[in-house]
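Novice: TrEMBL lists these features:
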type: BINDING; residues: B:Gly166, B:Arg167, B:Ser168; note: NADP(+) binding site
type: DOMAIN; residues: B:7-121; note: domain 'Tetrahydrofolate dehydrogenase/cyclohydrolase catalytic'
type: DOMAIN; residues: B:140-277; note: domain 'Tetrahydrofolate dehydrogenase/cyclohydrolase NAD(P)-binding'
There are 2 protein chains.
Amino acid sequence: MSNPLILDGLRVAKEIHQKTQERAQKLRKQGIVPCLATVLVGDNPSSHTYVRMKAKACEKYGLTSVRIHLPEETTTEELVAKIEELNRDPRVHGILLQHPVPSHIDERKAFETIDLEKDVDGVTSHGYGEVSMGFGQYPSCTPAGIMAILDYYKIPIEGKHAVVIGRSPILGKPVSQLLLNRNATVTVCHSRTVNLPHHVSQADIVVAAVGKPRFVQGDWIKPGAVIIDAGYNKGNIGDVDFEACLPKAGAITPVPGGPGPVTIAFLLKHTVDAAERTLNAKQHVKQDLA
Amino acid sequence: MSNPLILDGLRVAKEIHQKTQERAQKLRKQGIVPCLATVLVGDNPSSHTYVRMKAKACEKYGLTSVRIHLPEETTTEELVAKIEELNRDPRVHGILLQHPVPSHIDERKAFETIDLEKDVDGVTSHGYGEVSMGFGQYPSCTPAGIMAILDYYKIPIEGKHAVVIGRSPILGKPVSQLLLNRNATVTVCHSRTVNLPHHVSQADIVVAAVGKPRFVQGDWIKPGAVIIDAGYNKGNIGDVDFEACLPKAGAITPVPGGPGPVTIAFLLKHTVDAAERTLNAKQHVKQDLA
C-alpha cells in the first residue's frame, strides 16, 4: 500500500493567513483596523494559552485584538453585560468567548448574547442554523478548518460516508452539517453509540472530535480512509492513535499541525470578513446620503 | 415472527389535540384567542387542501385562524412585507407559510422573515439552530410529530441507529437533530448517497422523508426495524413500500395516518404555546406596573 498522505494544517493555515493579511492591510488603508475581542473568564492555563495565541496571531497578520480577562467568580449576568458592551462597540468586529467558562456560568446564555454579525467563532445557535441551511457567514472555526484541509488536498467529499465522532455544538454538530451540505452521507456517533468501532469501520472520512486521547484505534479504520483528528488533549495528543492508524489511512492529520492552526486562521479570516462588512455598510450610508 | 406494530398517528394526534383544546379554552376565558395565520401563495391544489385542513383543525380545537391568500405573481418583497405585518399584529400568535411557494419567490428569505416567537412551524434557521442545541421552542412540526409517535409507543431511541433518508430544512435535517439529541446514532442519507440500501439495512429506526412514492424497499429493511414514513405523495402514497416492508418491520407507520395528523397537532399545540407566552408576558408587564 502507498504511503498515507499527511494533511498539513500549517500549510493550509499559511495560505489563509496570507490572504487575510492582505485584506487587513487594505482595510487599514481605509481607516479600519479589524479587531477581535477575546473574552477569558477565570484562570484555566490552557485557555490562557489559547487566548494568547489568538491575540498574537492577530498582531502578526495585521489585525488588532482587545483582551478582556474576567475573574473566576464572574456571574452569568456580568459576563452577558460585558458581551453586550462589546456588541455595541463599533471598534470591535468579532467576539470570541473562550470555551470553557467556569461551571457556575451559563455558557450557552453567554454564547447566545453574541451579536450574529460579530459571531466570528460560530458559537450562536442562530449562526449554527444559518450554516446548516447553507448560507451562514461564520461557521465554527474548527469545522471550517476541517473542510478547508479536505479542499486544499482535493479530497472528494460528495457521496463519501463521513463518520463524525462527537456532537458538541461547536465541533461535531457543525462539521456534520458542513459535510452533509457538501453531499457526504454523514453518521454522527457519540458517547451513547453502540458498537462505535463498527460505525467507524464503515467510514471513508473519519472526524474525531471526542476529547479523549488516542481514542480512535487502528483496527477500527477502513483501509484508505481519510482521518481528521480534531482532538487536542494534554501533552499534544490527539483523539486518534496516530501511530496505529497511520498504516491503514489514505490520509491523516497530525497533532499538532492538523485542524488546530487552520482554526485560528478562520477566526482571523472571519474577523476581517466582519470588518469588511462594516466598511460596506458605511459606504451604503454614504451613498444614501449622497 | 410476531406481527409488526402499526404506529397509529391519529391516536397520537388525538391525545395532543385534547390537551391543546383544553389549554385553548382556558386562554379564551382569559380573553386570548390563540390565532394561527396561514399564508398561501398561488394556486397549488395540494397546498390549498393543506391550508384548509389546518384552518379547520384550528376551528375544531378552539383556536382561530387568519387565512392570507396571495396571488401567484406575488413578489418576494410583497410576501416579506405581508409576513412583517403579521409579525407586528398582536392578535396573531403563530405564522405558517405554506411550502412550496412559486419558484420565482425566495422562499428561504420569506421563511427567515418570520419572527422567532411566531415561528410555530419551525422553519427559520434560528429556530432550527435552537432546536439543534436542545432548547428550541418550536421544532418543525413533522419532526416533532415523529418523535411523539416514537414516544407514544415507547420505542427506545437511545443507542439505536437511526437512518434518515432526506435532508430538507424542515424534515430530514431537524428530525436528525432531534434523534441525535435523544442519543440515537444518526446517519443522514440523500440523493447523493452511494449504496443507500446498505445504509438503510443497518438501521434500527428508518425515517423516510424523500418525497418519492414507495421508494424504500422491503429487502432494504433489517428485520425488526422501526419504519417511519414521513412521505406523502399523490394518491395517498408514502415514501415506503408499505406492503413489502410490513413483514420485515417491528413497527411501521401507515400512510395516511402516520406522521401527517401529528404534524397538524403540533402546529396547533405550538400556536397555543405561543399564545400562552404572550399571556405570561402581559402578566409580567402588569406586575412591573403594580
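Including glycine, each Cβ sits where the backbone N, Cα and C put it.
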Novice: So what sits near B:Gly166 (NADP(+) binding site) in its own chain, CB-to-CB under 8 Å and at least six residues off in sequence?
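Specialist: Long-range Cβ contacts: B:Gly172, B:Cys189, B:His190, B:Val207, B:Ala208, B:Ala209, B:Val210, B:Gly211, B:Ala230.
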Novice: Select one residue from B:Arg167, B:Ser168: among these binding-site residues, choose the one with the most other Cβ atoms within 10 Å of its Cβ.
Specialist: B:Arg167
Novice: Identify, in sequence order, the binding-site residues in B:Gly166, B:Arg167, B:Ser168 that approach chain A with a C-beta to C-beta distance under 8 Å; the answer is 'none' if none do.
Specialist: B:Arg167
Novice: What is the pLDDT of the domain 'Tetrahydrofolate dehydrogenase/cyclohydrolase catalytic' (B:7-121) when averaged and given as a whole number?
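Specialist: Across the domain 'Tetrahydrofolate dehydrogenase/cyclohydrolase catalytic' (B:7-121), the average pLDDT comes out at 97.
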Novice: Helix, strand, coil residue numbers for the domain 'Tetrahydrofolate dehydrogenase/cyclohydrolase NAD(P)-binding' (B:140-277) per DSSP?
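Specialist: Result for the domain 'Tetrahydrofolate dehydrogenase/cyclohydrolase NAD(P)-binding' (B:140-277), in helix, strand, coil order: 53 helix, 24 strand, 61 coil.
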Novice: Give the sequence-ordered set of same-chain residues, not counting B:Gly166, B:Arg167, B:Ser168, with Cβ within 8 Å of the centre of the Cβ atoms defining the NADP(+) site.
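Specialist: Other same-chain residues near the NADP(+) site: B:Val164, B:Ile165, B:Pro169, B:Leu171, B:Gly172, B:Lys173, B:Val188, B:His190, B:Ala209, B:Val210.
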